[in-house]
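Asks: Summarising the annotation, Swiss-Prot assigns domain 'PE' to 1-93 and lists sequence analysis as the type of evidence. Summarising the annotation, Swiss-Prot assigns region 'PGRS' to 94-591 and lists a curator's inference as the type of evidence. Taken from Swiss-Prot, the feature compositional bias 'Gly residues' covers 303-324, 336-363, 371-412, 477-491, 539-567, 579-591. As annotated by Swiss-Prot, region 'Disordered' applies to 303-412, 468-491, 539-591.
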Amino acid sequence: MSFVIAQPEMIAAAAGELASIRSAINAANAAAAAQTTGVMSAAADEVSTAVAALFSSHAQAYQAASAQAAAFHAQVVRTLTVDAGAYASAEAANAGPNMLAAVNAPAQALLGRPLIGNGANGAPGTGQAGGDGGLLFGNGGNGGSGAPGQAGGAGGAAGFFGNGGNGGDGGAGANGGAGGTAGWFFGFGGNGGAGGIGVAGINGGLGGAGGDGGNAGFFGNGGNGGMGGAGAAGVNAVNPGLATPVTPAANGGNGLNLVGVPGTAGGGADGANGSAIGQAGGAGGDGGNASTSGGIGIAQTGGAGGAGGAGGDGAPGGNGGNGGSVEHTGATGSSASGGNGATGGNGGVGAPGGAGGNGGHVSGGSVNTAGAGGKGGNGGTGGAGGPGGHGGSVLSGPVGDSGNGGAGGDGGAGVSATDIAGTGGRGGNGGHGGLWIGNGGDGGAGGVGGVGGAGAAGAIGGHGGDGGSVNTPIGGSEAGDGGKGGLGGDGGGRGIFGQFGAGGAGGAGGVGGAGGAGGTGGGGGNGGAIFNAGTPGAAGTGGDGGVGGTGAAGGKGGAGGSGGVNGATGADGAKGLDGATGGKGNNGNPG
């Protein structure tokens, strides 16, 4: 069996020699062309002219054949040159790994680190640190992400030239890994890993801190600090609540529609008020819609929505009914006015008001006016005001005004109690303006907190026997605070001529849990037994209702990570949302 051996050096030398031969032949052909392709006739007779033309035609044919031969020659030279390069590249690729291993072996054996090459990346979910890059050239490996509760791995460091590896992201509730240091002479520091999100708990789990950015070397920029993890939501407080749900009061009926004739569509009926404890007010009925197809000068108005019913103690008010919409098709000189949304019902003690109804939309009229949103219902004692309704929109037509959003309801005053004054309810949000034109409604004012009540006086016993004792109602438990967002990682230091990395942004605070509400006071105690014909004892005074549980405050946003020495400080995390107001508790035990 024979083997073919290719020597790139010999092939390249042969290609060079062939190129030289081609150049010599081309030069000779060019010199002969001037002498042979245009032979002059020796005399003016026909024979001399024919002989000169014959020699000239032979010379021109030779030049054409020489040009084709030169093109083939050039193709052969190019093929040999390309083949020589391909063989040389293949030999270099085959020799490269062995050569790099031979160069790295002494440094690896002596220092445990190669001279040239990139560090290995940490495996995901292990928190493994990234490997360091080569001492001379190489980037650090990226750190592996952490499992739940496990910090992310640190990024590997570079050597003399190279970039530091990025830190791995922290698992749930754990910190992100730090970015690797850049090359000593030149390179960029690795970015810190992001902190893990908080784990839910009684006080809301803290989000993990973002990893610090890696420092730069002599030239280069430090890495950015990682973003802190978001805190987890706090656990809701225990709320005794009612034993069985109470059916809401009856809703109002919708208004009658108006078709093809001018006028106003029927208005919606008002919702019924809640009468029992915990019974929500009924929603108001929607106003009737109006429409016409064709006609001249027809003016129509949508029906107004019905008002929402007031809620019973501890129950929200009903939502106001929406205003009726008006749609004109093919009408000339018509006027379309949307119905106004109705006011939401007021909330019962400790409950929010109902939302205002939305204004009716209009379309197709020559002049269009959308309906206004209704005002939100006022909150009961300690309850939040209801949001205002959205203003109606003008969907089509040449001229029109969108409706204004309704004002939010006022928050209720705080509950007066023996120990803690109730927190005023939050005013409702104003409704949005119309799609094209219209102003949003103003938000309702927050309710005033109640003044702390004085301690209750002791009950007087009956003449015959002692009066019945008053049981102390149990208030709702306090909700846990939302988790604090994780701190952003510090920005990495810069090189002498580089820039510092910016600190990572703080994580968002967790959402606070909802507070429980206090129970209703117990019934009065029975009079004592009569001894020696004494006067019957008076019934004991019913116990005061328990203080409503305070809604949990939203968790504080995580502080922004510190920047480098001259870097920008990271932005603070967003504050968590306030906890929702607790519902009314169970009745207290009788005295």
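Just so you know, glycine gets a Cβ as well, placed from its N, Cα and C.
Computed from a predicted structure; not experimentally measured.
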Asks: Same chain only, please: residues at least 6 beyond the ends of the compositional bias 'Gly residues' (336-363) with a C-beta under 8 Å from a C-beta of the stretch. Say none if there are none.
Replies: 265, 267-268, 270-271, 273-274, 281-284, 286-290, 299-328, 369-397, 400, 403-404, 406-407, 409, 412, 415, 425, 428, 431, 434, 517, 548, 581-584
Asks: By DSSP, what is the split of the compositional bias 'Gly residues' (303-324) into helix, strand and coil residues?
Replies: 0 helix, 0 strand, 22 coil
Asks: With helix taken as DSSP H, G or I, strand as E or B and everything else coil, how many residues of the compositional bias 'Gly residues' (336-363) land in each class?
Replies: 0 helix, 4 strand, 24 coil
Asks: I'd like the per-state residue tally for the domain 'PE' (1-93) from DSSP, helix first, then strand, then coil.
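Replies: DSSP classes over the domain 'PE' (1-93) add up to 77 helix, 0 strand, 16 coil.
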